[in-house]
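Written below as structure tokens is the structure these notes are about.
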Amino acid sequence: MLLGGRPLHLLVLGVMGAYAGLGAYYATVARLPHPVVYAALPLGEDAAGGAPDWEAFNATAIYVAPNETDALSPALRDRARVVYARRDCRAYLWDVHFRLAAVAWLLYAAFVYARQERRMFGPFRDPAEFLTPEKYTLNYAASVLAATVIGCSYTKFAWYMAELATRRAALSRDLREDPITLAHRHPTLIALILLELGLRLGARMALFTTLGVTRAPCALVFPLYARALVWIFVLAVGALELLAATLPHIARVSGATATPARSDGGRAALGVCGACCSTVLAGIFAKALYLCLLVGGVLLFLHYERHITIFG
């Protein structure tokens, strides 16, 4: 059923899968000189109540636990750093980054499947989203088995699909004209639509949270190209999602304004073109604002992640 999804959604799913696969590959083969980072303070500053900060391994320093400082000789005390927390960054790649990328892929795959099912059987405000139910897998399988095994034509399933298409058209009309009454009469239907939207939102949030690898303490030991690839993949998915959200709206506006533009002359065409552009730009701005708010929320969480890791 996934193969019938919109091409942009399938492309997003492919990019997410490549992102998760590349993350797993890097976590397996990455050659990190020292994959552990430490939240440490120089000896003496810990007694003054200083706040520890994350740092990469320093071969000239001596890392000790807070309860081991008394055993140090005076010659080593200048090189001693008191460790309050540490993190294995290779394990971080597997336990946090890869899991988030895999969860994002699974949620988006579930969204694509749910949307595909709704395009066949469920309501849409835009009829252009409809897929013919005759392409349903069970309908095709029933007709093929009847023709090859039994040697006859089987049309009952096709009739049932046609009835579903009629029912879908009626529900879509109610969704456009009176969504509140539709929600009251068919709460399960609205719940399934909200579940579909929730799957997509959850996939986006999980994907954007993977940006934590560029700001987490482990970013100190990851090379620049690895952090750049994370941003490239996430921004590519964000751009494709923005494109998938705006292209249907552009097509609807273009289709609605095509006839007046041809019949009213140059002035009408200019007015329609201006209205079309303003509507499209407003939609793009709204989607971009939503994307910025989502990224901002994730980055705000990552800003406090260091303190949560050290003191929580």
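Keep in mind that glycine also has a Cβ here, set from the backbone N, Cα and C atoms.
What Swiss-Prot records for 1-20 is signal peptide.
Here Swiss-Prot flags 21-91 (among others) as topological domain 'Extracellular'.
Cβ neighbour count for ASN58 (N-linked glycosylation site) (all protein chains, 10 Å cutoff from its Cβ): 13. Secondary structure at ASN58 (N-linked glycosylation site), taken from DSSP and collapsed to helix, strand or coil, is coil. Per Swiss-Prot, N-linked glycosylation site is recorded for ASN58 (among others).
Counting every protein chain shown, the number of other Cβ atoms lying within 10 Å of the Cβ of ASN67 (N-linked glycosylation site) is 8. As annotated by Swiss-Prot, N-linked glycosylation site applies to ASN67 (among others).
Sequence-remote contacts of a segment are chain residues at least 6 beyond its ends whose Cβ falls under 8 Å from one of its Cβ atoms, and for the transmembrane segment (92-112) they are 2, 5, 9-10, 12-13, 16-17, 19-20, 23-24, 26-27, 30, 196, 199-200, 202-204, 206-207, 209-210, 212-213, 216, 218. According to Swiss-Prot, the transmembrane segment annotation covers 92-112 (among others), on the basis of sequence analysis.
As annotated by Swiss-Prot, topological domain 'Cytoplasmic' applies to 113-187 (among others). Across the topological domain 'Cytoplasmic' (113-187), the model assigns an average pLDDT of 85.
What Swiss-Prot lists as transmembrane segment is 188-208 (among others), and the listing cites sequence analysis. Long-range neighbours of the transmembrane segment (188-208) within the same chain, counting only residues 6 or more positions beyond its ends whose Cβ lies under 8 Å from a Cβ of the stretch, are 16, 19, 100-101, 103-105, 107-108, 110-111, 114-115, 118, 122-123, 171, 182, 234, 237-238, 241, 294-295, 298.
Per Swiss-Prot, the feature topological domain 'Extracellular' maps to 209-227 (among others); the stated evidence is sequence analysis.
For 228-248 (among others), the entry in Swiss-Prot reads transmembrane segment, with the evidence type sequence analysis.
Positions annotated as topological domain 'Cytoplasmic' by Swiss-Prot, on the basis of sequence analysis: 249-280 (among others).
For 281-301 (among others), the entry in Swiss-Prot reads transmembrane segment, with the evidence type sequence analysis.
Sequence annotations record features per position, and here Swiss-Prot assigns topological domain 'Extracellular' to 302-312 (among others) based on sequence analysis.
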Practice problem: Go ahead and report the DSSP secondary structure tallies for the topological domain 'Cytoplasmic' (113-187): helix first, then strand, then coil. | Solution: 59 helix, 0 strand, 16 coil
Quiz item: Helix, strand or coil: which one is ASN67 (N-linked glycosylation site) in, per DSSP?
Solution: helix
